[in-house]
Amino acid sequence: MSYVALGVDPGLLRTGWAVVEYDGLCNVRYIDSGIVKTASQGSLSARLEKIHRGISDVIEKVNPSVAVLEKVFVNNNPYSSLNLAYCRGALILTLALKGLFIVEFAPSVLKKRITGNGRATKAQVKYMVEQLLGLDPCLSKYSDLYDALALAASVTRYDIMEAKGT
């Protein structure tokens, strides 16, 4: 059974998204990816609306079977953490309104699945994603896009069944 996974790396300034397809034999193929950018001077509501519309457009275009998000983490800057939480909330609502099952990974779990090391660097994640999906190293300058690719490439049928509660 094949399925299409949408990976989304939330960010109020840049939200990365990526779509991959799995065939029934555990092979993964790159479909598309991109970044939804917002203006840093814009209002919070306008920025969240732009992210909502951008991801909604992607969903309409590719009709994914499942969505994969990175779990929120709290960093040293509470303002940044709060903005990330707003963004995740808007994304979860967008995905739920589109009827998608959502699988979530902690950053360390994602890194472990992609590189074998839960403390991998952004460069290591980027390299392994390029190798796994056969991508051009110059695809994007944004780590947000590579994180979204890693998310999409990491989800398994088992994760989907677990998210569905079956």
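Just so you know, glycine gets a Cβ as well, placed from its N, Cα and C.
Less than 8 angstroms from the CB of Asp9 (active site) sit Thr15, Gly16, Trp17, Glu70, Asp144, Leu145, Asp147, Ala148, Leu151, each of them six or more residues away in the same chain. The secondary structure of Asp9 (active site), as reduced to three states from DSSP, is extended strand. As annotated by Swiss-Prot, active site applies to Asp9 (among others).
Residues or ranges marked as Mg(2+) 1 binding site by Swiss-Prot on the basis of sequence analysis: Asp9, Asp144. Asp144 (Mg(2+) 1 binding site) falls within a helical segment according to DSSP.
What Swiss-Prot lists as active site is Glu70 (among others). In the three-state DSSP assignment, the secondary structure recorded for Glu70 (active site) is strand.
The feature Mg(2+) 2 binding site is assigned by Swiss-Prot to Glu70, with sequence analysis given as support. The number of other CB atoms found within 10 A of the CB of Glu70 (active site), across every protein chain shown, is 23.
Summarising the annotation, Swiss-Prot assigns active site to Asp144 (among others) and lists sequence analysis as the type of evidence. Cβ-based neighbour count (10 Å, all protein chains) for Asp144 (Mg(2+) 1 binding site) stands at 23.
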